[in-house]
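Undergrad: Got a structure here, written out as structure tokens. Questions coming.
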Amino acid sequence: MASQESLTEEQIAEFKEAFSLFDKDGDGSITTKELGTVMRSLGQNPTEAELQDMINEVDADGNGNIDFPEFLTMMARKMQDTDTEEEIREAFKVFDKDGNGYISAAELRHVMTSLGEKLTNEEVDEMIREADLDGDGQVNYDEFVKMMIVRN
């Protein structure tokens, strides 16, 4: 669970600014109506139910609105997710030796061997098969992400 403690003062100040953009009437909380207004101004078109779901996800005290501490928790969570995506992208680059956007059986075998994992050709092929959703014999970035998310 991400917490506000993981945020810097600078980030908190930025989020306070963003919060005030949402909090149109300045009462210290964001309603579904205010959330809808901001999202529509950003070109999104959420339904009332979607807006309510978004609020319910972070509405810790159950009052139907998002206050600033709840908003901070939501932003801290989002930032943690982004770190994870970045880590997965970096890991993919390690495997994708030739940088063509795919991990071949040979590349996978090379990395696993260099990590001290002595795998048989069958084991490497099996790993590729499990992750290779479109059946082209190699693993693309999207397939790699799905595999990493399932494992974590």
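Keep in mind that glycine also has a Cβ here, set from the backbone N, Cα and C atoms.
A quick note: this is a predicted structure, and the numbers were derived from the prediction, not measured.
Okay, so Swiss-Prot annotates it like this:
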| type | residues | note |
| --- | --- | --- |
| MOD_RES | ALA2 | N-acetylalanine |
| DOMAIN | 10-45 | domain 'EF-hand 1' |
| DOMAIN | 46-81 | domain 'EF-hand 2' |
| BINDING | ASP59, ASP61, ASN63, ASN65, GLU70 | Ca(2+) 2 binding site |
| BINDING | ASP96, ASP98, ASN100, TYR102, GLU107 | Ca(2+) 3 binding site |
| SITE | LYS118 | site 'Not N6-methylated' |
| DOMAIN | 119-152 | domain 'EF-hand 4' |
| BINDING | ASP132, ASP134, ASP136, GLN138, GLU143 | Ca(2+) 4 binding site |
Undergrad: Of all the binding-site residues given, namely ASN63, ASP134, GLU143, which is spatially nearest to TYR102 (Ca(2+) 3 binding site) at the Cα level?
TA: GLU143
Undergrad: For the domain 'EF-hand 1' (10-45), what are the same-chain contacts with Cβ under 8 Å, counting residues 6+ beyond its ends?
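TA: For the domain 'EF-hand 1' (10-45), the list is 4, 51-52, 54-55, 63-68, 71-72, 75, 79.
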Undergrad: How big is the Cα-to-Cα gap, in Å, between GLU70 (Ca(2+) 2 binding site) and ASP98 (Ca(2+) 3 binding site)?
TA: 44
Undergrad: Can you tell which of the binding-site residues (GLU70, ASP96, GLU107, ASP132, ASP136) has the fewest other C-beta atoms within 10 angstroms of its C-beta?
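TA: Fewest other Cβ atoms within 10 Å, among the binding-site residues GLU70, ASP96, GLU107, ASP132, ASP136, is found for ASP136.
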Undergrad: Given the binding-site residues ASP61, ASN65, ASP134, find the one whose Cα is closest in space to the Cα of GLU107 (Ca(2+) 3 binding site).
TA: ASP134
Undergrad: Based on Cα distances to ASP96 (Ca(2+) 3 binding site), point out the closest of the recorded positions ASP61, LYS118, ASP132.
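TA: Result for ASP96 (Ca(2+) 3 binding site): the nearest of the recorded positions is ASP132.
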Undergrad: Apart from ASP96, ASP98, ASN100, TYR102, GLU107, which residues in this chain have a Cβ no more than 8 Å from the mean position of the Cβ atoms of those residues at the Ca(2+) 3 site?
TA: PHE95, LYS97, GLY99, GLY101, ILE103, SER104, GLN138
Undergrad: Say we define neighbours as other CB atoms within 10 Å of the CB. Which of the binding-site residues ASN65, ASN100 has the fewest?
TA: ASN100
Undergrad: With helix taken as DSSP H, G or I, strand as E or B and everything else coil, how many residues of the domain 'EF-hand 1' (10-45) land in each class?
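TA: In the domain 'EF-hand 1' (10-45), the DSSP-based counts are 23 helix, 2 strand, 11 coil.
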Undergrad: What mean pLDDT score does the domain 'EF-hand 4' (119-152) have in the model?
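TA: Mean pLDDT across the domain 'EF-hand 4' (119-152) comes out at 85.
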Undergrad: CB neighbours of ASN63 (Ca(2+) 2 binding site) within 10 A?
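TA: Counting Cβ neighbours of ASN63 (Ca(2+) 2 binding site) within 10 Å gives 11.
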Undergrad: DSSP three-state call for TYR102 (Ca(2+) 3 binding site): helix, strand or coil?
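TA: It is in a strand.
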Undergrad: So how many of the residues in the domain 'EF-hand 4' (119-152) end up helix, strand or coil by DSSP?
TA: 22 helix, 2 strand, 10 coil
